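Feature annotation from TrEMBL assigns substrate binding site to G54, G55, R76, N170. According to TrEMBL, the domain 'Aspartate/glutamate/uridylate kinase' annotation covers 17-253. According to TrEMBL, the feature site 'Transition state stabilizer' maps to K21, K234.
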Amino acid sequence: MTQNGAFKENSAGNERMFVMKCGGSTLTALPDSFFDELRHLQEDGVKAVIVHGGGPAISDNLARLGIASSFVNGLRVTTEEVLDVVEMTLSGSINKAIVRRIQGSGGRAIGLSGVDGNLITAAPVANSNEVGLVGYVTEVKAEIVAGILALGYIPVIAPLGVDAAGQRYNINADTAAGAVASYMQSPQMIVVTDVPGILTTAEDGSKKVLPSVTVAQIDQMIDSGEIYGGMIPKVRSAVDCIQGSVSEVVIVDGKEPGVLRRVLSGEIIGTRIVRG
Ligand SMILES: Nc1ncnc2c1ncn2[C@@H]1O[C@H](COP(=O)(O)OP(=O)(O)O)[C@@H](O)[C@H]1O
Ligand SMILES: CC(=O)N[C@@H](CCC(=O)OP(=O)(O)O)C(=O)O
């Protein structure tokens, strides 16, 4: 078996690929070695697709501009004024910072948002009367992502969406990443965040990482409050995408040395969310 022998194949052929969501909680803390690893994977022919967040940076920019911002069940209440800041932060500074870091490690990346080429089309979420211009994904144009990959670049996608009338939507980054993974028929989605996985409290009161969880366990942990806040959209998105062609979602801490290869080679690291 080669070093990458444990990689899974996607249904489109034998390409080795994965979709990765990089959370705003961890972007600035990601070490150079993370981007070096990404470049090595790219050199080895592994196709990576990145969807990123940037919630904390959006909140900072809103505060700086004196624009009030609140959340309902983890979704930012989004007016047109808030959306301007969401777009400038995600599609502008954060997206380009990630592209520059990949390029700084010698990798190749192209940044775009879901608005470009109508990559992500969206419609208002069910509770849009409460949260405003927040969208759910109606379609991802997988051929655009595949085209960028075929050129030898890592697509770096900011989670905005657009509808047929040209209206923009703010999309939770975990939700957008799950949709991209599903439409790309990626065998795996890797969720890179600031905790080492889904934590549970042991009988002695200490916190430990659950190596794997099922959909039923997730529902129970949300009900009991053990999974809360920003972890909820992650697990909900994971549950949605493992109903389709994505066979597992792995939640990991991006600061773990060699994290990407370790996940891709099947090492037990972080939390794996699997069917069943
Ligand atoms: N059971 C849990 N295990 C680990 N983290 C949890 C859990 N429930 C809630 N969280 C919270 O979820 C956070 C990660 O979500 P979030 O801050 O939105 O990250 P990101 O910016 O990467 O999307 C953790 O820092 C932690 O505070
Ligand atoms: C609708 C909604 O809440 N959108 C998010 C988009 C960014 C995001 O999801 O970033 P993280 O992954 O860092 O949380 C927001 O405005 O904060």
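Cβ atoms here come from the backbone N, Cα and C positions, even for glycine.
Annotations in TrEMBL come from automatic prediction, not curation.
Comparing Cβ neighbour counts within 10 Å across the binding-site residues G54, G55, the minimum falls on G55.
Between the farthest pair of Cα atoms in the substrate binding residues (G54, G55, R76, N170), the distance is 12 Å. Of all the recorded positions listed (K21, R76, K234), R76 has the fewest other CB atoms within 10 A of its CB. Counting only same-chain residues six or more apart in sequence, the Cβ atoms lying under 8 angstroms from the Cβ of N170 (substrate binding site) belong to R76, T78, V82, L83, V86, L133, V134, G135, P159, L160. K21 (site 'Transition state stabilizer') sits 10 Å from K234 (site 'Transition state stabilizer'), taking the C-alpha atoms as the reference points. Other than the site residues G54, G55, R76, N170, same-chain residues with C-beta atoms no more than 8 angstroms from the centre of those residues' C-beta atoms, the substrate site, are G24, G53, I58, S59, V86, T89, L90, P159, N172, A173. Listed recorded positions: K21, G54, R76, K234. Those with a CB atom under 6 Å from ligand 2: G54, R76.
Counting in whole angstrom, G54 (substrate binding site) lies 14 from K234 (site 'Transition state stabilizer') by their C-alpha atoms. A coil conformation is recorded for G54 (substrate binding site) in the three-state DSSP classification, outside any helix or strand. Distance noted between the C-alpha atoms of K234 (site 'Transition state stabilizer') and G55 (substrate binding site) is 14 Å.
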